[in-house]
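Read through the structure below, which is laid out as C-alpha cells, and then see the notes.
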Amino acid sequence: MDNFTLTICTMLVSIMMAAAMAGLYGTSRDEAALPDWIAAMLCFSVSSLLAVVHAYWPLPFLLVPGIANALYLAGHGFIFSGIRQHIGGRSAYNWIAVLALFSLSLHFLPAIATSLDRRIIIFYAMVLALCLASALYILVSRRQCTIGGYTPLLWVLGLFFTQMLLREVAMVADLAGVSVPGSAYLRSAGSLFVMLYIIAIAMAFAYLITWQKAEALRTSALTDSLTGWYNRRALMRMAPQVFDECRNKNQSLCIVILDVDHFKQINDTYGHVIGDKVLQHITVQARQAYGPGKWLFRLGGEEFAILLADTEPEQASSIAEKIREAVNHSPYQYHKAIWVSISLGIAAATAQDVSWEAVLDRADKALYQAKATGRNTVCSDTTLAFTGT
Ligand SMILES: Nc1nc2c(ncn2[C@@H]2O[C@H](COP(=O)(O)OP(=O)(O)OP(=O)(O)O)[C@@H](O)[C@H]2O)c(=O)[nH]1
C-alpha cells in the first residue's frame, strides 16, 4: 500500500475509533478520560485529512505540515491527558496547547522549515516524550496497585515507542551519513505504524474501561453497601484462602465475631434510619481501633467478623478489647448521645481444625458466652476468660 492510501486509511480508522470511543462514552458518562480520547482520534483524523487534501490541492505551508503536525502532536497529548484523568489526575489541556503552539512555531524557523528530515527528527522526539510520559504515568501512579486493565495499554505504548525510537535513530543516522540496515523500510512504514497504533490504542482504551466496570461490579458484589466492610459472600470466598495460607505458613489465625448489644432497642427507640447510622458509626470506630487490617466482614444484621491472620490469641484478645472500648466510649451523636456497646467472641484455629468454619463456630459460641455474661465484654473460646466490664 502506498503512503497516500495509508493516510486515507488512517483518517478513516481515526474517525471510526472516535465514533467507537463516543459510543463507549454514551454508556460511561462519568468517565472523564473518554472525551480526551475522542479528541485524540479527531486530531489524528483531521491531521490525516489535511495531508490527503494536500496531495491533490497543495495547501499553504502553515496548514501542511504546520497545523497537521501540531494536530498530530495534540492527538498524543490528548492520549496522555486522558490517561492522567483516568488514573485520577488532572487534565493536561494547557500542556497540549503549549506543545501544539510550540510545534507550529517551529515551522517558522528557516532551519526547520527548509529541512523535512530535521522537522521529522524534532517532531518524533516530541511524540516519543509524550508516549514515554503516558507509560511512565501509568507505571508510577499504579505501582502500589495491580496494573491489571492497563496492561494492553502499556504494551501498545511500549511497542509504538520502540518503533518510533528505531525510526528516530534511523533518521539521525541517515542525516549523519551513516547507513542503518532497514532504514528505508522503517521510514516508509511510518504511516502503517500510525494506523495500527490508532486501532490498537483505541482497543486498549475500550478494554480498560470494560475491565474497570467489571472490577467495580466484582467489588460491589463483595462489599456491604451500608458499612463498606466485606459481606458474607466475601467471607465465604476469602476465609478458606486465609485459613490455608496461615496453615501453610504455620501462622496463628484468630477469628473475632462482634455483635451489637440490644440493637433492637435502638431501632425501636430511634427508628431504622438512625439504627443504620449507628451501625455505620460502630464500624468506623471498630475500624479505627483495629487499624489497617483488611479482613473485616459484616455477617448480616448487627453481627460482624474480623479475621486476624498471623495473630496470636493474646494479641487477638487485646485487639478485641480495644475495639470494645472504642465503641463503648464513643456514642453516636444524634439529638442526644446514643450510647452503644458490643459483645465479642474470639477463637483461634487449632491443629485439629480442618476448616475455617470450625473456628467461626467456636468464635460464635464464645460470643454467646459474652452475651450470656452480661454483654459489653470480650470472651475467648480457648480460655473462656472474661474481660471488660
Ligand atoms: N437499622 C438496622 N437494623 C437492622 C439491620 N439488620 C438487622 N437489624 C435489626 O437488628 C435487630 C437485632 O435484634 P436481636 O437479634 O434481637 O438482637 P439485639 O436486640 O441486638 O440483642 P442482643 O444481640 O441479644 O444483645 C433487629 O431489630 C433487626 O431488625 C440493619 O441493616 N439496619
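Placed from the backbone N, Cα and C atoms, the Cβ positions cover glycine too.
Beyond the ends of the transmembrane segment (6-25), by six or more residues, the same chain brings 31, 34-35, 37-38, 41-42, 44-45, 48-49, 51-52, 55, 191-192, 194-195, 198-199, 202, 205-206, 209 to within a C-beta distance below 8 angstroms of the stretch. Among the features that TrEMBL reports, transmembrane segment is placed at 6-25 (among others).
Taken from TrEMBL, the feature transmembrane segment covers 37-57 (among others).
Residues annotated as transmembrane segment in TrEMBL: 63-83 (among others).
Among the features that TrEMBL reports, transmembrane segment is placed at 95-114 (among others).
The feature transmembrane segment is assigned by TrEMBL to 120-140 (among others).
Marked as transmembrane segment by TrEMBL: 147-166 (among others). Long-range contacts of the transmembrane segment (147-166) within the same chain: residues 83, 124, 127-128, 131-132, 134-135, 138-139, 186, 193, 197, 200-201, 203-205, 207-208, 210-212, 215, each at least 6 residues beyond the stretch ends and with a Cβ under 8 Å from a Cβ of the stretch.
Per TrEMBL, transmembrane segment is recorded for 186-209 (among others). Long-range neighbours of the transmembrane segment (186-209) within the same chain, counting only residues 6 or more positions beyond its ends whose Cβ lies under 8 Å from a Cβ of the stretch, are 1, 3, 6-7, 9-10, 13-14, 17, 20-21, 24, 28, 31, 33-34, 37, 41, 44, 79, 82, 86, 149-150, 152-153, 155-157, 159-160, 163-164, 166-167, 170-171, 174.
TrEMBL lists 251-383 with the feature domain 'GGDEF'. Mean pLDDT for the domain 'GGDEF' (251-383) in the predicted structure: 94.
Residues of the same chain lying 6 or more positions beyond the ends of the transmembrane segment (63-83) and with a Cβ under 8 Å from any Cβ of it are 33-37, 39-41, 43-44, 46-47, 50-51, 53-54, 91-93, 95-96, 99-101, 103-104, 107, 119, 123, 126-127, 130-131, 133-134, 137-138, 153, 201, 205.
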